[in-house]
Amino acid sequence: MISTTTVQARSQASRHAVKLARTAALPVVPSQYALGLRLGSCCCGASQASRASSPTPSSSAASSRHFSTTRAAQLRDFFPAKDTPHILKTKAAWPHHGYTMEEMTSVVPAHRSPRNFSDWAAWKIVRFARFWMDKATGMDREQQVDKKNPTTAVEAQQPLTEAQWLIRFVFLESIAGVPGMVGGMLRHLNSLRRMKRDQGWIETLLEESYNERMHLLTFMKMCEPGRFMKLMIIGAQGVFFNSLFLAYLVSPRVVHRFVGYLEEEAVHTYTRAIHEINEGHLPKWSDPEFRIPDIAVDYWNMPEGQRTMKDLILYIRADEAGHRGVNHTLGNLNQKEDPNPFVSTFKDREAPKPSLKPAGYERSEVI
Ligand SMILES: [Fe+2]
Ligand SMILES: [Fe+2]
């Protein structure tokens, strides 16, 4: 039974989150700074040129920002590359393979129907997490999509604000980087312990967690969470890492299914954000002056003329669609014996493309 204190603490946390989201959306700075830098408090990827020519924001403006703990004047270089006497640049460990525009626009939100009890349980845990995520983002009833099709419907009576989206992105990505590392780590240890080949799973899982971290770092260049958000992220990581660690030891197949459902939610989130940009509901991100962070341009090799916030979200959504297809497929395979089809060379065809297979491949199709 849940104690009164727990209920009070939860509702207080929820109220605080709503307050944060609303505060973040308020224009707390003079209009010349409203674009990008703070979006209220939270979006600093915009127009560095206009920022460079602008005077330093007043301290009163900075002090009224609740979501971020970073003073407005410091936000643009939240985690700059360390300047050393000898090192020019540190390259990404896993360079991104890139996408064509057609590949990115073909991604659709989708849901794989649970086929047994463990699928159903994995899906329900994800739905429960999404419920709390919606609360933490301060989502009003009018901002919810159709409850009967929560993973595919993108229309809502009222759009989210840029600040609400960023809170959602940061929280989602800070969680999404955990499972690949847990799975990769445990399979690595298993391979060492049993002195057996892993057949290509470890690299894909570690690369997935690296890719998710790049998503997080990209959004962190646009906003720095305040203390409350950081506390929530630390708590969530502590619970999530340890639960996944134990769950992966017991049933890696169910964990891959769970991650497949989590990625369905990620594809849905980014599809809805793209839809709201297309509908003109997120004007700060549609502004031609808005500049996405250099870290993103470098990582995805984004071509000139294709570097808007919508382009960035298209890239990220394509990554999530890849994770969705990979994890649903891995959840269909024999965890001990089967090779990873996504890094294998086939006798009679091209390697499978996970981003275009929302429910994943059946074992008979790829092994
Ligand atoms: Fe992600
Ligand atoms: Fe993902």
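Note that Cβ sites are derived from N, Cα and C of the backbone, with glycine treated the same way.
Taken straight from TrEMBL:
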{"type": "BINDING", "residues": "GLU173, GLU212, HIS215, GLU320", "note": "Fe cation 1 binding site"}
{"type": "BINDING", "residues": "GLU212, GLU263, GLU320, HIS323", "note": "Fe cation 2 binding site"}
{"type": "TRANSMEM", "residues": "228-250", "note": "transmembrane segment"}
{"type": "REGION", "residues": "327-367", "note": "region 'Disordered'"}
Cβ under 6 Å from ligand 1: which of the binding-site residues GLU173, HIS215, HIS323 qualify?
GLU173, HIS215
Of the binding-site residues listed as GLU173, GLU212, HIS215, the one whose CA lies nearest the CA of HIS323 (Fe cation 2 binding site):
GLU212
Intrachain C-beta neighbours of HIS215 (Fe cation 1 binding site), sequence separation six or more, cut-off 8 angstroms:
PHE169, GLU173, ALA176, GLY177, ILE316, ASP319
As a quick check of your reading of DSSP, tell me how many residues in the region 'Disordered' (327-367) are helical, how many are strand and how many are coil.
14 helix, 0 strand, 27 coil
Sequence gap of 6 or more, Cβ distance under 8 Å: name the residues on the same chain that satisfy this around GLU263 (Fe cation 2 binding site), in order along the sequence.
ALA176, GLU320, ALA321, HIS323, ARG324, ASN327
Which one, from the binding-site residues GLU173, GLU212, GLU320, has the smallest tally of other C-beta atoms lying within 10 Å of its C-beta?
GLU173
